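J.: Attaching a single structure in structure tokens format; questions to follow.
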Amino acid sequence: LQGIFVLGLPYAVLHSGYSGLLLIVLAAALCCYTGKILIACLYEENEDGQLIRVRDTYEDIANACCKNLSPSLGGIVVNVTQVVELLMTCILYLIVSGNLLSHSFPYVPVTEKIWAVIVFVTLLPCVFIRTLKIVSKLSQLCSLVHFVITLIVITYCLTQMYQWSWAKFRLSLEFEDFLVSVGVIIFSYTSQIFLPTLEGNMKNPGEFRCMLNWTHFFACIVKTTFALTAFLTWGEKTKEVITDNLPSFLETLVNLCLLTKALLSYPLPFFAATEIVYSCISKGNHSNYRSPLLSLTLRGSFLLLTLLMAMFTPHFALLMGLSGSVTGAAMTFLLPSLFHLKLKWKTLSFLEKCADISVFILGFLCSLAGIVCSMKGLLDVFG
């Protein structure tokens, strides 16, 4: 999903000007910070002052925070939020894939929905994925394809340096356009859902913080370079998805790369969503499927659900924006900062408490603004 948002960064800079470049840096720092405090909530100090991993998942953290109200209330809220966001992501991949195929082969008399069905057929093997190792290999290929896409766009933009002008940047901002830019930029970094599992599967978990620092640093550099070079190339003509600005021969090539990226990206959120649901059914047993038939039925049902939602949900983009404003902001900003304050309050310094509270307030404002904009869009559509 991050790749899809990255392609919208030049458009976000169009509507946010210089502040958009600062937001790309700020969002990297904030998402890196919330990732660290989320992982910190997995650990507690023992009698010797050593940090011991006492929790394994986002659900465990939530349950620990809400144990005085209900032993499982926090986990239920987190699981529902995660599953909704992950399924929305899977549905978006199907919609994007159908759209890309439709634009890549405009002379083929096939609708976007039929293309989505064809893509769905190619994704059927996902029901047989049972380990994270397979998903990680697909994600590596996805990262490689994303690198190729970014390289193609930046290389083309560098060939157009003769027409670059800093005067293209806007100084005045429209509030609603700016809010859209904030959403695109912030959610191009979100990965908190996967971090507890990632940290738990590292050979050396002690290197997690260093890994998070470097990945967000390089992501910030690449995204800033990508957004800046693309915007300087096309200026006011920058389109929502920057690949639409490319010459036709490059656009088709990049669209096919994007299609490959979407297909390789689908298994990760799909696997994560089915694992969460199955773990609830089997009382937290993540790795050992006691009933192969149940797991196969569950994954098949989820796969079919994503297709049906992609084909028959009207105005899905607006609904995606609405749910993303709630689930994305909650999982990225609200819950990590809230959980960190709850579990670590006695050991946090004054500055750390202020940082967590500030992140919580910022997340709440971003979520509220996104909800208002999405609801306004839905009301305009249904008029």
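Just so it is clear, glycine is given a Cβ too, placed from its N, Cα and C backbone atoms.
The model shown is predicted, which means the values in this text are computed figures rather than measured ones.
Feature annotation from TrEMBL assigns domain 'Amino acid transporter transmembrane' to 2-373. Annotation comment: TrEMBL describes 20-43, 76-94, 114-132, 144-166, 178-198, 210-233, 253-281, 293-312, 318-339, 359-379 as transmembrane segment.
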J.: Mind checking which residues of the chain, 6+ beyond the ends of the transmembrane segment (210-233), have their Cβ under 8 Å from one of its Cβ atoms?
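T.: Residues packing against the transmembrane segment (210-233) from afar: 6, 9-10, 12-14, 20-21, 24-25, 28-29, 31-32, 35-36, 150, 153-154, 156-158, 160, 163-166, 168-169, 188-189, 202, 242, 245.
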J.: Honestly, do the transmembrane segment (293-312) and the transmembrane segment (144-166) touch, with at least three Cβ pairs under 8 Å and pairs 6 or more apart in sequence?
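T.: Contact criterion not met.
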J.: With an 8 Å cut-off on Cβ pairs and a sequence gap of 6 or more, do the transmembrane segment (253-281) and the transmembrane segment (114-132) reach 3 or more such pairs?
T.: yes
